[in-house]
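Data block below; observations after.
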């Protein structure tokens with residue numbers, strides 16, 4: 001009971017320190033150091049607000065309004081609200097990159113089939129992980145023509161490299177490979193009902209072969225279950241080991257894709273130090289020379305990282321010299337605050353210019369646009385026809401080679417037999 005009374009006394013009596021200070025004396029005079037009557041306090045507030053309103057209403061100079069207290073830029077009103085204020089130095093997103101998601105996409109049978117299959121088997125897709133704006137277009141596809149495409153990422157979700165443009169998680173010691181992954185991917189692809197699939201990978205520098213053997217197992221398992229499927233593999237550089245590149249190129253792929261990413265000058269600032277511009281070119285060139293042009297090769301360039309026009313042009317020339325047949329160009333968009341900032345937003349007309357120049361250089365296929373990504377509409381009609389033409393040409397070449405070899409062998413054997421007969425006849429006559 002005594003404690004309760006003491007608490008009440010303390011709450012009403014100002015402290016010695018408060019009374020000793022000039023501010024404390026002022027508070028005491030105003031009655032701020034002691035408990036107040038809530039009703040009186042409310043009345044004081046109402047009176048103050050009423051007087052303040054009257055003051056604003058009676059003012060004719062405009063100095064007592066909100067605009068009179070702050071300096072605003074021209075064209076901005078004091079009541080204008082900005083949603084998501086830009087940070088200093090950031091450029092606003094241009095209108096051509098503000099893409100609305102098509103209504104009803106999630107109700108498309110093929111879109112749902114792909115999404116459900118991926119989630120049930122707990123497989124990662126670049127489409128969802130990167131929040132690709134083209135997901136509805138690629139997953140929905142054309143139900144009759146079968147142009148739907150999905151990009152599956154294998155070998156886990158942790159990459160051993162730390163490229164400054166990529167939002168994929170980085171780890172020096174990622175989890176071990178899933179031995180059942182090839183079969184899971186093959187089953188998922190079969191359930192999707194697509195006729196073109198893109199399979200990409202994280203870099204695994206912790207593995208001796210960089211994951212090349214695992215990639216080959218995935219490709220073989222997918223093709224065994226889906227023989228007519230066209231398969232594009234977007235793979236890494238495998239430490240620059242060309243023997244490992246050959247191992248992957250020998251698998252039943254339709255398209256061998258490896259991204260150059262950006263122009264040579266800015267590569268050290270954009271990509272991981274273990275990835276280089278010249279190494280990527282060497283990989284692509286070796287695939288073409290090793291397969292004697294039978295394998296369709298593909299690469300991709302990002303704009304908006306600080307490149308110059310002539311540098312982009314030179315990169316296209318380098319890719320074409322390396323034998324690359326298909327190329328894509330798209331706008332780099334910062335995936336997270338910790339990643340590289342966008343240096344500029346290229347206009348759609350610029351992308352159109354690069355597409356025209358690429359085709360003039362001799363590329364068989366070029367997709368160029370602000371929202372284009374490396375696997376954008378990979379399964380569209382034209383690139384599928386290119387793959388089939390290459391496959392038919394390779395089969396014809398092998399058949400011709402086999403026929404020629406057989407004919408040569410038969411001719412040689414016949415000539416040898418004829419020579420032996422003549423020799424035997426001469427021997428008999430001599431006897």
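Our numbering is plain: 1 for the first residue shown, then up by one each step along the chain.
Even glycines carry a Cβ here, placed using N, Cα and C.
Segment annotation: Swiss-Prot labels region 'Disordered' over residues 21-43 (candidates 21-43, 44-66). The Cβ of residue 159 ([4Fe-4S] cluster 2 binding site) has 166, 168, 169, 170, 171, 174, 202, 203, 204 as same-chain neighbours under 8 Å, each 6 or more residues away in sequence. Note: the [4Fe-4S] cluster 2 site is recorded as 159, 163, 166; in the same chain, 161, 162, 165, 167, 168, 170, 202, 203, 272 also have Cβ atoms within 8 Å of that site's Cβ centroid. In the shown protein chains, 20 other C-beta atoms lie within 10 A of the C-beta of residue 166 ([4Fe-4S] cluster 2 binding site).
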